[in-house]
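Asker: Feature table excerpt (Swiss-Prot):
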ACT_SITE  HIS180  active site, proton acceptor
BINDING   GLY12, ALA13, GLY14, PHE15, THR16, GLY17, ASP36, ASN100, LEU123, THR124, ASN125  NAD(+) binding site
BINDING   ARG87, ARG93, ASN125, ARG156  substrate binding site
MOD_RES   SER149  phosphoserine
Amino acid sequence: MTIKRKKVSVIGAGFTGATTAFLLAQKELADVVLVDIPQLENPTKGKALDMLEASPVQGFDANIIGTSDYADTADSDVVVITAGIARKPGMSRDDLVATNSKIMKSITRDIAKHSPNAIIVVLTNPVDAMTYSVFKEAGFPKERVIGQSGVLDTARFRTFIAQELNLSVKDITGFVLGGHGDDMVPLVRYSYAGGIPLETLIPKERLEAIVERTRKGGGEIVGLLGNGSAYYAPAASLVEMTEAILKDQRRILPAIAYLEGEYGYSDLYLGVPVILGGNGIEKIIELELLADEKEALDRSVESVRNVMKVLV
């Protein structure tokens, strides 16, 4: 008898993609297809087999395969895109955007062909622009093309707050709005420790330092690694979003969503609070922002639009 499980395809078998695949399997959320380019098919198969051989030890029942053939991804419930190139020495930001946009379009055509009903979650940077590129190429409803950055940025924000207060991260809630970059907007006013507003627990100058560290969080890890970038926390963030979709949890999470007038912006993807469930983005939640918060979000939107200008 064939066991019918949910199916998730992870495009890109690098550190983030492989870690995402393994976490999905460990949590028994779905059978997993790990995909990379033909030149990397054997290493991709090797990683998938290695994960599968961990299943008796870890005690999970989920099938994992590695492939370069998108036919193997057919009828995926969710497709996660982590593929793309990192910025190399001498490469301009515009070159990076143009190159990764071309990669996104090629991947998206294969996804749309084999899994026309899938929900797509994009991680590839610059993620706000790449999610927009995928949306335009796929022709899917906007609710089914989502970007991941807010869960990660908020996780970093919560981590730093928990460290500052010497509390469990489980008791820290917060939200980060805007683009995934130096102009992101951690919302201190909507952040709490055990239901207590942060502003009553942490001095203003320390909060400002935490906000700034959150904005530079990815760069801090890049600097420490010396080569490469973060992948454990990004993968965990992707899995949290994927689980909310597969289980129709209707969770309030920050996600990169297509805006059509919300927050006063249109025709762009931006990090905002959403209800995430079985249909993808079930609803965009509009928070009331103070003047300085709206100004900060305006700056973030301007940064995102500047990147989008070089999309191909």
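Glycine is treated like the rest: Cβ placed from N, Cα and C.
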Asker: Rounded to a whole angstrom, what is the C-alpha distance between SER149 (phosphoserine) and ASN125 (NAD(+) binding site)?
Answerer: 10
Asker: Reported as an integer number of Å, what is the Cα distance between LEU123 (NAD(+) binding site) and the residue listed as 'active site, proton acceptor'?
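Answerer: Cα of LEU123 (NAD(+) binding site) to Cα of the residue listed as 'active site, proton acceptor' measures 10 Å after rounding.
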Asker: Quick one: pull the CA-CA distance for ASN125 (NAD(+) binding site) versus the residue listed as 'active site, proton acceptor', whole Å only.
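Answerer: The Cα atom of ASN125 (NAD(+) binding site) is 9 Å away from the Cα atom of the residue listed as 'active site, proton acceptor'.
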Asker: Quick check on the binding-site residues ARG87, ARG156: which one has the highest count of other Cβ atoms within 10 Å of its Cβ?
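Answerer: Compared across ARG87, ARG156, the most Cβ atoms within 10 Å surround ARG156.
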Asker: So how many other Cβ atoms are close to GLY14 (NAD(+) binding site), meaning within 10 Å of its Cβ?
Answerer: 19
Asker: Provide the number of Cβ atoms within 10 Å of the Cβ of ARG93 (substrate binding site), excluding the reference atom itself.
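Answerer: The answer is 12.
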Asker: Using DSSP with the three-state reduction, classify SER149 (phosphoserine) as helix, strand or coil.
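Answerer: In the DSSP reduction, SER149 (phosphoserine) maps to coil.
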Asker: State the Cα to Cα distance, in Å, between ARG87 (substrate binding site) and GLY12 (NAD(+) binding site), rounded to an integer.
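Answerer: That separation, Cα to Cα, works out to 16 Å.
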Asker: Of all the Cα pairs drawn from GLY12, ALA13, GLY14, PHE15, THR16, GLY17, ASP36, ASN100, LEU123, THR124, ASN125, the residues the record ties to NAD(+), which distance is largest, in Å?
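Answerer: Roughly 17 Å, rounded to the nearest whole number.
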